[in-house]
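Q: Please see the structure below; I have some questions.
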Amino acid sequence: MSFFDTHLLNLVVYLPLLFAALVWMLPGAERGQIRTITFIGMMVDAVFGVWAYLRFDPSGAEFQLEYRTRWLEQLGVSYHIGADGLAISLLLLTVFLGPLVVMASQTYITERVKEFHLALLVLQTVMLGALVSLDVLLFYIFWEAMLIPMYLLVGVWGAEDRQMAAVKFFLYTLAGSLLMLVAIVAIYFISSTPGNRSFDYATIFNNLSTAHSQIAACTGTGGDCSTLPGMAGILYRWGPWLFAAFAIAFAIKVPMWPVHTWLPDAHVQAPVAGSMILAGVMLKMGTFGFWRFAIPFFPSAAHQARPLLATLAVIGIVYGALMCLAQRDIKKLIAYSSVSHLGYCMLGILALTAEGATGSAYQMLNHGVSTGALFLLFGFLYERRHTRLMSDYGGIAKVVPVYTASFLIITFSSVAVPGTNGFVGEFLVLLGTFKSSLGLGFGAFATLGVILGAAYMLWMVQKVFFGPLTHRENQGLTDLNLREFATVAPFLVLVLVMGLMPQPFLDRINPSTERFLQRAELGIPGSQVRPSDVQISVMGLPPAGLAAAPNAPTPGPLADRR
């Protein structure tokens with residue numbers, strides 16, 4: 001690997017922080033310069049993010065573009081980053097949204113402009129850092145760091161009840177994070193021995209996978225697995241509790257029913273930028289956490305909890321859709337639609353089929369594009385009318401035709417019309433669910449969610465855009481200006497590109513999906529997967545005294561790909 005390839009992910013992660021330093025040095029009165037520098041920073045970061053995406057080898061199932069160096073050696077903590085197919089895809093989504101969030105906020109944010117853009121840039125860095133972290137403690141640091149700028153975005157620049165919504169978001173997420181921290185510390189001690197402690201993701205997974213195979217062998221013979229020696233016995237006794245700690249933390253972030261109640265308030269009160277980031281990226285951190293940590297670390301416990309979690313996912317799909325039908329507030333309707341859509345992502349993961357997992361990963365990207373665009377478009381309308389109620393609109397298609405056409409395209413994506421990105425993801429999730437061992441009932445209820453989704457979105461479109469133009473205030477509405485259309489256009493293009501040509505995106509996701517499914521089967525009685533099939537090559541640390549190992553080879557093929 002070249003020096004540039006080795007440091008490419010570092011550039012993507014920390015470029016926003018560099019531009020945050022530039023913004024911090026500017027006087028607060030220089031609003032135009034602050035917006036310009038922030039936009040340039042996000043654009044440059046997007047260029048490097050796309051470059052990283054293109055440099056990623058679609059045939060590779062494991063982590064690429066890795067960088068590892070010493071950090072807190074005595075504690076077994078290293079600075080280790082890298083990306084697999086899911087991480088690089090979510091990274092692409094994150095850098096795609098960055099410049100558009102800045103453009104969307106140009107006229108909406110008029111107070112504390114400098115602090116607002118600092119929060120955006122810092123949040124961009126910590127979200128990207130969480131996606132590429134391959135040290136569990138490093139992931140936790142980035143995960144927790146996301147709380148602060150997002151809390152500020154909602155609590156400082158939000159609507160009238162912003163402080164309540166921000167505190168609710170903060171406390172919910174913090175409670176789950178503390179549980180996860182306890183579980184991280186526990187697996188740190190369980191998965192290693194004194195003098196060989198490590199928070200490295202690959203090291204922890206490899207050690208746990210060996211123990212899981214011993215548990216599977218014991219379970220298959222009907223023995224008393226609680227008497228297994230060493231790590232296997234401890235993991236058998238405490239694995240379900242540790243999985244629960246991870247699962248609760250990630251379920252809150254998704255959010256899954258019934259720990260979803262912070263989300264509608266946060267979305268309704270957040271500024272446009274906050275809602276776009278929250279829907280576009282932050283909610284995916286929960287599904288990403290299940291994929292990366294909870295299920296691979298504790299496959300046996302995950303299988304035991306699978307029916308319960310799948311039930312909660314299906315309840316979330318139907319409940320979210322029914323709550324949408326009961327809303328009169330447009331922004332709250334879009335917020336509850338996230339509960340329903342993310343339920344499909346969770347159901348696809350829990351189906352443990354190739355179609356379901358691939359559809360889940362693709363649906364994470366789709367939701368970020370479609371729901372992010374819905375919040376963006378409604379933000380433009382709210383700037384003109386300053387009301388969220390459907391009853392205050394009606395017939396506005398007559399005065400804002402370009403806006404209406406844009407909203408309709410995004411709506412078609414949200415309801416999974418064939419030819420749009422939403423169709424590909426939801427179809428794969430439903431197909432994978434029906435093929436899974438969960439049972440036909442889960443697929444049937446998920447299909448009901450699709451029907452309800454079309455009902456609430458089309459009902460909202462009918463109420464807002466069509467019918468008579470009854471309100472005098474709406475007669476003077478202006479259509480999208482050039483800046484606004486330039487912000488919306490990338491979403492419209494991506495909806496069609498991802499819907500009509502999904503294969504380039506799926507090519508990067510599929511190998512990671514296969515590896516995820518193998519890891520999910522490890523430790524299950526009767527499984528043919530062996531630890532050697534799924535263990536991760538551990539990237540070596542540079543010699544003591546060196547800052548990095550730029551010439552170290554990237555861990556690539558595993559034993560089964562020799």
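Each residue, glycine too, has its Cβ placed from N, Cα and C.
Those TrEMBL annotations? Automatic predictions, nothing curated.
Quick paste of what TrEMBL says about this protein:
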- 76-128: domain 'NADH:ubiquinone oxidoreductase chain 4 N-terminal' (DOMAIN)
- 133-448: domain 'NADH:quinone oxidoreductase/Mrp antiporter transmembrane' (DOMAIN)
- 6-25: transmembrane segment (TRANSMEM)
- 37-56: transmembrane segment (TRANSMEM)
- 76-104: transmembrane segment (TRANSMEM)
- 140-157: transmembrane segment (TRANSMEM)
- 169-190: transmembrane segment (TRANSMEM)
- 238-259: transmembrane segment (TRANSMEM)
- 271-295: transmembrane segment (TRANSMEM)
- 307-326: transmembrane segment (TRANSMEM)
- 333-352: transmembrane segment (TRANSMEM)
- 364-383: transmembrane segment (TRANSMEM)
- 395-417: transmembrane segment (TRANSMEM)
- 480-501: transmembrane segment (TRANSMEM)
Q: Any residues 6+ beyond the ends of the transmembrane segment (333-352) with a Cβ under 8 Å from its own?
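A: The answer is 254-257, 260, 263-264, 266-268, 275, 279, 283-284, 286-287, 290-291, 295, 306, 309-310, 312-321, 323-324, 327, 358-361, 363-364, 367, 371, 374-375, 378, 414, 425-426, 428-429, 432-433, 435-438, 442, 446, 449, 452-453, 456-457, 460, 517, 520-521.
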Q: Select the range from 140-157, 307-326, 395-417 that forms the most Cβ-Cβ pairs under 8 Å with the transmembrane segment (238-259).
A: 307-326
Q: Going through 6-25, 37-56, 76-104, 140-157 one by one, which has the most CB pairs that fall under 8 Å from the transmembrane segment (480-501)?
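A: Out of the listed stretches, 76-104 contacts the transmembrane segment (480-501) most.
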Q: Same chain only, please: residues at least 6 beyond the ends of the transmembrane segment (395-417) with a C-beta under 8 Å from a C-beta of the stretch. Say none if there are none.
A: 337, 341, 366, 369-371, 373-374, 377, 380-381, 423, 425-427, 450, 453-454, 457-458, 461, 464-470, 474-480, 485, 488, 491-492, 495-496, 499
Q: Take the domain 'NADH:ubiquinone oxidoreductase chain 4 N-terminal' (76-128) and average the pLDDT across it for me.
A: 93
Q: Short question: which residues 6 or more past the ends of the transmembrane segment (271-295) have a Cβ under 8 Å from it?
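A: Contacts with the transmembrane segment (271-295): 86-87, 90, 93-94, 97, 100-102, 104-105, 108-109, 116, 120, 123, 127, 130-131, 136, 139, 143, 146, 150, 153-154, 157-158, 243, 246-247, 249-256, 263, 302, 331, 334-335, 338, 342, 345-346, 349, 360-361, 364, 367-369, 371-372, 375-376, 379, 382, 516, 519-520.
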Q: Counting only residues 6+ away from its ends, which parts of the chain sit with a Cβ under 8 Å from the transmembrane segment (140-157)?
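A: Residues 109, 111-112, 115-116, 119-120, 122-123, 126-127, 129-130, 133, 163, 165-167, 169-170, 173-174, 177, 180-181, 184, 266, 269-271, 273-274, 277-278, 282, 285.
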Q: Could you tell me how many residues in the domain 'NADH:ubiquinone oxidoreductase chain 4 N-terminal' (76-128) are helical, how many are strand and how many are coil under DSSP?
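A: Reading the DSSP string over the domain 'NADH:ubiquinone oxidoreductase chain 4 N-terminal' (76-128) gives 36 helix, 7 strand, 10 coil.
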